[in-house]
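See below for the structure under consideration.
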Amino acid sequence: MAKSNLPLDADRLWADIMDLAEITDPAQPYTRRSFTALFLEGRTLVAQRFAEAGLAVRMDTAGNLIGRIEGRNPSLGVIAIGSHSDTVPSGGRFDGIAGVATGLEIVRALRDGGAQLDHTLEVIDFLAEEPSEYGLSCVGSRGMSGSLDGKMLDLVEPSGEPLRDALRRVGGDPERLDAARRGDIRAFLELHIEQGVVLESQSLDIGVVSSIVGIRRIEIVFEGEADHAGTTPLQLRHDALLAAADTVAIVRSVAERLDWEGSGYFVATVGILTVEPSASNIVPGRCRLVIDARTTNPDLTRRFVEAVEQDSAAAATRARVKRSAFTALSDGPPVACDPHLQAALRRAARDLGLGQTDLPSGAGHDAAFMSRICRSAMVFVPCRAGKSHAPEEWADRDAVAAGAAVILQAVKALDQSLQEAGPV
Ligand code: GLV
Ligand code: MN
Ligand code: MN
């Protein structure tokens with residue numbers, strides 16, 4: 001099928017993505033960090049578009065914004081489509097929001113075609129999919145899947161606000177998280193830009209995601225002594241940054257060793273490194289770093305953590321500083337996408353005449369948490385040069401529309417086939 005003949009309105013879908021992109025920190029496009037005023041402004045727009053499409057709009061106690069349209073047979077449960085509207089700092093226009101806009105456009109396309117599903121349909125904008133200032137990602141989908149615990153709610157951001165209070169501030173209810181936990185969702189589908197080059201390099205339209213990496217985040221703190229950078233002899237220093245810098249190199253070399261072994265995909269990154277007091281003429285007194293380790297094989301993460309724990313302790317000793325924290329901030333195992341949903345997506349792509357392949361996801365997604373409570377699967381669409389988490393992130397209008405059409409066709413098919421398939 002020519003992309004211009006897709007069974008939905010590509011321009012309307014595109015307009016939602018571009019309109020949301022306008023709501024950004026002007027000094028740092030595209031930035032709409034979760035829990036900020038800009039994030040809430042973005043959500044106001046999303047809620048307004050949900051309502052205009054005829055969805056009943058609510059927020060659950062985990063802070064997820066949900067639009068809902070009842071099916072002909074509500075006892076069948078819910079088919080949900082969604083992603084997230086928050087961004088990383090200086091992120092792109094598509095990561096997350098393309099998936100939310102897809103759900104919205106599917107509702108409008110069904111309405112325009114006069115179609116009502118047997119299942120109830122929900123469009124979900126999950127809270128804080130990107131790692132938030134509280135050190136936690138996928139806050140909303142963790143909440144919806146019963147995976148947001150009290151320890152996580154106690155996490156604090158740098159100015160001291162606990163996640164618990166932030167959740168309340170954006171309309172959730174941390175004391176009633178159980179109410180967000182869902183048992184009625186039969187299937188969850190998420191469209192996302194690929195954030196890699198597989199589709200573009202093979203001139204393919206659609207990636208049917210086979211699995212999503214597991215992610216562990218670890219916080220390490222080194223405490224030394226702040227001192228005068230001119231008068232403190234090198235051998236008398238307790239330089240926290242020396243241990244942190246060593247640790248950055250250790251993370252890289254251990255990750256390379258594990259990845260090269262060939263028993264699974266493995267990457268690790270130190271993306272946060274704070275130095276205190278951070279002045280050119282003061283020996284660093286305290287450093288905090290956060291490691292993000294991802295894999296398809298949890299045994300590799302176990303071995304990574306063991307090695308880094310041991311070697312970073314040795315780095316602290318060499319620098320004559322104390323390692324005061326080595327803490328797991330979060331840990332999610334790799335997940336396989338649901339075979340029944342993957343088959344429906346493949347069939348839909350084939351029927352629409354789109355080029356497709358199966359591929360694994362190295363990025364984390366709300367779909368991974370949703371797989372804990374329902375069948376869950378994803379569609380990737382190509383993005384230019386695989387670039388993401390950067391302002392240059394780009395996906396073509398027709399590429400996003402093609403992915404959305406695949407989900408629309410799959411939803412129509414699943415509305416029938418799920419009735420025979422039974423629970424996972
Ligand atoms: C989500 O963007 C991730 O960190 O993979
Ligand atoms: Mn992202
Ligand atoms: Mn995303």
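For all residues, glycine too, the Cβ spot is worked out from N, Cα and C.
TrEMBL does not curate its annotations; it predicts them automatically.
Among GLU41, GLU52, GLU130, GLU133, only GLU130 appears in TrEMBL as part of the Zn(2+) 2 site alongside ASP95, HIS389. According to TrEMBL, the residue from ARG217, ARG347, ARG350 that belongs to the allantoate site alongside ASN281, ARG294 is ARG217. Here TrEMBL has HIS84, ASP95 binding Zn(2+) 1, and the candidate from HIS192, HIS228 in that same listed site is HIS192. Distance from the CA of HIS389 (Zn(2+) 2 binding site) to the CA of ARG217 (allantoate binding site) is 18 Å. Using Cα positions, the member of the binding-site residues HIS84, ASP95, HIS192, ASN281 nearest to HIS389 (Zn(2+) 2 binding site) is identified as ASP95. Spacing of ASN281 (allantoate binding site) relative to HIS84 (Zn(2+) 1 binding site) is 42 Å (Cα to Cα, whole number). Listed in sequence order, the binding-site residues among HIS84, ASP95, GLU130, HIS192, ARG217, ARG294 whose CB lies under 6 angstroms from an atom of ligand 2 come out as ASP95, GLU130.
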